[in-house]
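Q: My questions all concern the structure below.
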Amino acid sequence: MATLLRSKLSNVATSVSHKSQAKMSGMFARMGFQAATDEEAVGFAHCDDLDMEHRQGLQMDILKSESGEEGAETPLEGDIHYQRDGTGPLPPSASKEACSELSGQGKPKITAWEAGWNVTNAIQGMFVLGLPYAILHGGYLGLFLIIFAAVVCCYTGKILIACLYEENEDGEIVRVRDSYVDIANACCAPRFPTLGGRIVNVAQIIELVMTCILYVVVSGNLMYNSFPNLPVSQKSWSIIATAVLLPCAFLKNLKAVSKFSLLCTLAHFVINILVIAYCLSRARDWAWDKVKFYIDVKKFPISIGIIVFSYTSQIFLPSLEGNMQNPKEFHCMMNWTHIAACILKGLFALVAYLTWADETKEVITDNLPSTIRAVVNIFLVAKALLSYPLPFFAAVEVLERSLFQDGNRAFFPNCYGGDGRLKSWGLTLRCALVVFTLLMAIYVPHFALLMGLTGSLTGAGLCFLLPSLFHLKLLWRKLLWHHVFFDVAIFVIGGICSVSGFIHSLEGLIEAFRTNAED
């Protein structure tokens with residue numbers, strides 16, 4: 001009898017404990033402490049993780065108490081069910097798989113070399129084609145900025161990861177945050193617990209959409225300069241490129257596209273080697289006297305944005321570090337990837353500028369002879385078109401999750417039906433986003449201006465200003481004086497460069513709009 005009584009009391013205590021945990025977790029969920037969905041992992045070269053479940057978002061449904069659900073079975077495994085459409089809980093086994101996937105336990109970890117490859121893909125993309133144009137307006141100072149930007153971006157990447165960790169009661173350093181958004185929210189808490197995350201999301205969306213616009217601009221520019229004798233304008237080539245890209249609105253996942261990522265990257269490296277080889281063949285004619293310690297006051301701030309934009313990778317570094325087999329190797333990985341990027345970018349920009357000097361164009365491949373230019377540009381256009389779905393899909397994910405799928409905090413109704421299919425008006429909005437990138441590419445077909453504007457606005461903010469500010473806010477009590485000095489200096493210098501580059505880029509865009517309106 002005593003044994004039976006103890007057993008019943010134990011069961012009652014266990015049930016009360018689970019109910020208490022459910023209520024507490026529900027309260028935390030309402031306050032905004034929800035499970036991470038690895039939204040920043042879209043920068044990975046391998047995008048297989050962006051499958052149907054991640055595309056529709058993992059929404060949390062707070063369990064109701066037994067009094068509110070008659071006949072419902074009391075859950076014993078926590079307080080939330082991960083759902084795809086918000087209409088009902090997943091089976092227990094699926095819920096466990098989702099929780100495991102979110103916690104990172106169900107995902108294969110990557111090595112430091114694989115992580116380095118991902119970072120290299122982000123900072124060694126086709127936008128290095130605009131770096132020689134930055135040397136044209138900055139001379140040796142432009143080369144110095146390529147080195148300086150590499151050092152600063154490497155440092156801010158490290159301090160951003162440091163903001164993910166805190167010291168627990170036992171003095172151990174533990175990971176308490178999962179993403180850039182989590183860091184931003186922690187800095188704005190407790191008064192504005194979601195303000196920081198929204199600012200980061202807006203910056204991320206702007207950068208992703210601008211990247212899509214740049215792909216359309218560069219596609220039209222390259223095709224027009226490859227076939228100048230054809231009666232097709234650059235705007236018409238941009239329209240043709242957008243027509244090819246319109247099926248991106250129907251994408252459900254990126255598995256098919258991700259298969260081409262490695263091939264595209266290798267092709268880009270081959271193209272860079274071809275350009276450098278051609279420049280080396282003309283080494284006798286290099287114009288060393290054209291490289292001087294002078295700057296074009298009006299156009300050099302735009303060059304700053306171009307250089308900064310070519311190094312942007314901070315937005316997905318938290319997810320990348322969290323998926324490494326040995327996170328302690330992250331600092332070493334950042335060092336060698338940015339050193340390699342600095343050397344390759346500096347050599348590429350200098351050698352290309354020495355070859356064409358004052359005739360250097362916004363996209364350096366336009367300077368190649370017509371026989372080589374057509375082949376190289378066609379490969380670059382193919383790479384641009386195959387790269388477009390990545391930032392487009394990422395921007396769509398962030399927009400859908402924040403505006404249409406954020407539970408009770410969503411601004412608009414869910415764009416997915418109960419069966420998980422995208423509604424017709426949701427598809428229309430996706431098509432409208434593709435058309436918007438086309439309109440921007442048509443009205444502002446200036447690769448350097450758009451790249452400089454994006455780098456000055458979101459690139460400097462995400463790479464320079466926010467990491468240093470967050471580092472000071474979260475860890476200022478434990479920082480050494482030289483870390484405080486570096487953070488303040490980066491924030492001030494980054495702010496000046498950002499404002500200056502943004503103003504000059506905006507002036508250039510306004511002038512371009514006026515010119516197009518007159519035409």
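Heads up, the Cβ atoms here are built off N, Cα and C, so glycines get one too.
Straight from TrEMBL, here's the annotation block:
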type: DOMAIN; residues: 109-505; note: domain 'Amino acid transporter transmembrane'
type: TRANSMEM; residues: 141-165; note: transmembrane segment
type: TRANSMEM; residues: 205-224; note: transmembrane segment
type: TRANSMEM; residues: 260-280; note: transmembrane segment
type: TRANSMEM; residues: 300-320; note: transmembrane segment
type: TRANSMEM; residues: 332-354; note: transmembrane segment
type: TRANSMEM; residues: 374-399; note: transmembrane segment
type: TRANSMEM; residues: 427-444; note: transmembrane segment
type: TRANSMEM; residues: 450-472; note: transmembrane segment
type: TRANSMEM; residues: 484-503; note: transmembrane segment
Q: Can you tell me which of 141-165, 205-224, 450-472 gets the most C-beta pairs within less than 8 Å of the transmembrane segment (374-399)?
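A: So the stretch in question is 205-224.
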Q: Out of 141-165, 300-320, 450-472, which stretch has the largest tally of CB pairs under 8 angstroms to the transmembrane segment (332-354)?
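A: Answer, by Cβ pair count: 141-165.
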Q: Which listed stretch (141-165, 300-320, 427-444, 450-472) has the most C-beta pairs under 8 A with the transmembrane segment (205-224)?
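A: Selected stretch: 450-472, with the most Cβ pairs under 8 Å.
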Q: Take the C-beta pairs under 8 A between the transmembrane segment (450-472) and each of 141-165, 300-320, 427-444. Which stretch has the highest count?
A: 300-320
Q: May I ask for the residues of the chain that lie six or more residues beyond the transmembrane segment (427-444) and have a Cβ under 8 Å from a Cβ within it?
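A: Beyond its ends, the transmembrane segment (427-444) has Cβ neighbours at 209, 212-213, 216-217, 220, 235, 238-239, 242, 245-246, 248-250, 392, 395-396, 415, 450, 509, 512-513, 516.
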Q: Sequence-remote contacts (6 or more beyond its ends) of the transmembrane segment (300-320), Cβ cut-off under 8 Å?
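A: Result: 38, 40-44, 110, 115, 118-119, 122-123, 125, 127-128, 130-131, 133-135, 137-138, 141-142, 145-146, 149-150, 153, 156-157, 160-161, 164, 177-180, 182-183, 204, 207, 338, 341, 345, 448-449, 451-460, 462-464, 467, 497, 500-505, 508.
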Q: Can you tell me which parts of the same chain pack against the transmembrane segment (141-165), counting only residues 6+ beyond its ends and a CB-CB cutoff under 8 A?
A: 123, 131, 134-135, 173-178, 180, 182-183, 186, 293, 295, 300, 303-304, 307-308, 310-314, 317-318, 321-322, 330-331, 334-335, 338-339, 341-342, 345-346, 349-350, 463-464, 467-468, 470-471, 474-475, 483, 486-487, 490, 494
